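Structure first, then comments.
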Amino acid sequence: MDSQVLVALGLSLLGGLSTSLGALFVVISQAPNLKMLGLLQGFAAGLMLSISFFDLAHNAINSIGFLQGNLWFFAGVIFFALVSYFIPEPTLAPISSAKGKKKDGDDRGKDIMKKHRRQVLFSGIITAVGISLHNFPEGMAVFLGSMKGLRVGINLALAIALHNIPEGVAVALPVYFATQSKWQAFKLATLSGLAEPLGVIIVAYLFPSSLNPEILEGLLGAVGGVMAFLTLHEMLPLAFDYAGQKRAVKAVFLGMAFMSASLYFLERSLPADMSL
């Protein structure tokens, strides 16, 4: 294997596996209460919305034009809407009202979590898929940056590592709450980060010269549509249920601001002729 590819692969592993660091914040701490879950779900929703609109859809529109970019974006929205329609969320058996009346606040919180457990797990899995697809072109960017020079590759990998930490939280948190398994939460968050070195391998060996950039940008725009629908249809309702509307909305904008700042520093780390 070429030494430059090995360097790029190592740098992409640094960036991609930082999702594991985000997962550690979830699995080594005490389980947060439902209000904390709602706030972090809102924060994760902000991350997803920022990635969807300010990164994926924005880049697609700039690269392939307003009309085509929007067509790809809404194709992703319609695709995931159809998936949600034909594969509805499962509902669990209701808990008896007589028993529920005797429960205190903590037990009521457990009942709510049981009711939504599969919904939370589904949200976490789809978040992992969306983040994996988002990490894939970041791996390509690390590869191309490392070809420019080691300093550029290192700076870009470190910026992506910081950028990926909250994404690890966004994946691990709902999986941990749904399964009560720290290992499953850590494993899924780690796997979502491995898409980054996979991007390096694919761009270096499979189709380094034949990849159609318009198709790639269009597909990423569709991924943005999928992520936007997921956020508005799945994550925000959960955040509202657990944290309340006002607190959840504040968490959403905090997540959007954090991700926007992260993307800004990522762009500043890139060479002038590259973009994520």
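Cβ coordinates are placed from backbone N, Cα and C, and glycine is handled just like the others.
Bear in mind that the values here come from a model prediction, so they are computed numbers and not experimental data.
So that you can see what the record holds, here are the features copied from TrEMBL:
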{"type": "TRANSMEM", "residues": "6-27", "note": "transmembrane segment"}
{"type": "TRANSMEM", "residues": "39-57", "note": "transmembrane segment"}
{"type": "TRANSMEM", "residues": "69-87", "note": "transmembrane segment"}
{"type": "TRANSMEM", "residues": "120-136", "note": "transmembrane segment"}
{"type": "TRANSMEM", "residues": "156-176", "note": "transmembrane segment"}
{"type": "TRANSMEM", "residues": "188-207", "note": "transmembrane segment"}
{"type": "TRANSMEM", "residues": "219-236", "note": "transmembrane segment"}
{"type": "TRANSMEM", "residues": "248-266", "note": "transmembrane segment"}
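For the transmembrane segment (6-27), the neighbouring stretch richest in Cβ pairs under 8 Å, chosen from 69-87, 120-136, 156-176, 248-266, is 156-176. Using the rule of three or more Cβ pairs under 8 Å, pairs at least 6 apart in sequence, the transmembrane segment (248-266) is not in contact with the transmembrane segment (120-136).
Within the same chain, the transmembrane segment (188-207) packs against the transmembrane segment (156-176): three or more Cβ pairs sit under 8 Å, each pair at least 6 residues apart.
Across the candidate stretches 39-57, 69-87, 219-236, the maximum count of CB pairs under 8 A to the transmembrane segment (156-176) is reached by 39-57. For the transmembrane segment (219-236), same-chain residues at least 6 beyond its ends with a Cβ under 8 Å from one of its own Cβ atoms are 41-42, 44-45, 48-49, 51-53, 55-57, 59-61, 64, 69, 72-81, 84, 119, 122-123, 126-127, 130, 133-134, 137, 248, 252.
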